[in-house]
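In what follows, a single structure is set out as structure tokens and then discussed.
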């Protein structure tokens, strides 16, 4: 393992970030954050409780009036300054992200952190072009449409892309003029707390408040808090049900980006070199811990026997290991719970004669990796899309492969899922690509690539994969409410009474 001086990047302990100050939790309790690549403890973070949530929400509420009333240009300048400072600290923040999450530094330094910075920059531009409208309904009647912030936003983000997912919430929420209480996962909170140091230097007091704690404790308290006017959550569908219920109970608008079991469809005219890279992007990027992962690989029967051996070889040549080794292509799963979940699905495959593990399927413990949570890139062949392995989200570097004969069968298999977050199509026939894309019941379709999520392209799911869209200009509407000002310009009575 690369020898990283952790204290150059991570403090020994962190408090809650409330009203621009780092402070201990009301209970004084803490949580320990560990490095999943070697099992070593990284830092202690404050464990927020209900009183801390109350305090953070009050700080956000107190800051809302002044923050929401500043000019668009000034608010955009704040966002641009945050973006600039994130870019300046790319090496620092990317190192923190890799240490706490286990993902390769080559990903955090070129994707996670730069794209997080870009979200603030992008929504600064969205803000300055976000305009209401005037409609002259008739000669004596005028309708003004005004976009206004919702108020205090309560957000909780998952552990797989901590700083990036936080930026997906914070960029549009702040641009719209809201204040925010946000909580990262208890297993990966450090990059967002480090980001809070930038907020402390740049933003007015109380505009962003960062809590650390358990999702079932402080996270739940955020979602049920009477002072929170908008909910935003990225995580599992199981937890998403509870967030949706919390929003429904108080009639609070809710944005959800949840699970997926996305189909990556390979047609027989596809460029196989591009396919092999695309399949790996789909399921090995971020160790397969991606809600949009191409975890179901649908291969046209006529090229199945040609493609599978090449894919097997490619998976077996992936270097898994030290996240700071520049040759590492895949690193540690985020923790023991996730590794256990992956292994439970491997056991299902091993005990079922309808499933064939073509390659992988084992934890990696050699070459100094025994203290971390590393897993082999895995391919499992199945012949029934109703199989548990094809229907449930594994959330790891495990792809299940199925055959299809024609375009219509591919569409039917792809749509046979309770999820609808993403999907991929590999073909050189643009007509086929567009026809299949239109027929797939999913929010994002990649054609001849996979897992590209830049600012400016809407991302979000159909069905049980969520509600709302992110990383796109319309995402600002998630954090706005529309006011109509209806004006009678006639200066005359209507004669009705």
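Here the Cβ of each residue, glycine as well, is placed from N, Cα and C on the backbone.
Annotated in Swiss-Prot:
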type     : residues                          : note
BINDING  : 213, 214, 215, 216, 217, 218, 219 : NAD(+) binding site
ACT_SITE : 257                               : active site
ACT_SITE : 291                               : active site
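The two recorded residues, residue 291 (active site) and residue 216 (NAD(+) binding site), show a Cα separation of 21 Å. Cα spacing between residue 257 (active site) and residue 215 (NAD(+) binding site): 16 Å, rounded to the nearest whole number.
Residue 257 (active site) falls within a strand when secondary structure is assigned with DSSP. Minimal Cβ crowding within 10 Å, among the binding-site residues 213, 215, is found at 215. Note: residue 218 (NAD(+) binding site) has non-local neighbours 47, 48, 49, 50, 52, 53, 183, 211, 212, i.e. same-chain residues 6+ apart with C-beta under 8 A of its own C-beta. Working note on the recorded positions 217, 257: by count of other C-beta atoms within 10 Å of each C-beta, 257 ranks first. In the three-state DSSP scheme, residue 214 (NAD(+) binding site) is classed as coil. Within 10 Å of the Cβ of residue 291 (active site) there are 27 other Cβ atoms, across all protein chains. Between the listed binding-site residues, namely 214, 216, 219, the fewest other CB atoms within 10 angstroms of a CB are found at 216. What surrounds the NAD(+) site, by Cβ distance within 8 Å of the Cβ centroid and not counting 213, 214, 215, 216, 217, 218, 219, is the set 48, 183, 186, 220, 221 from the same chain.
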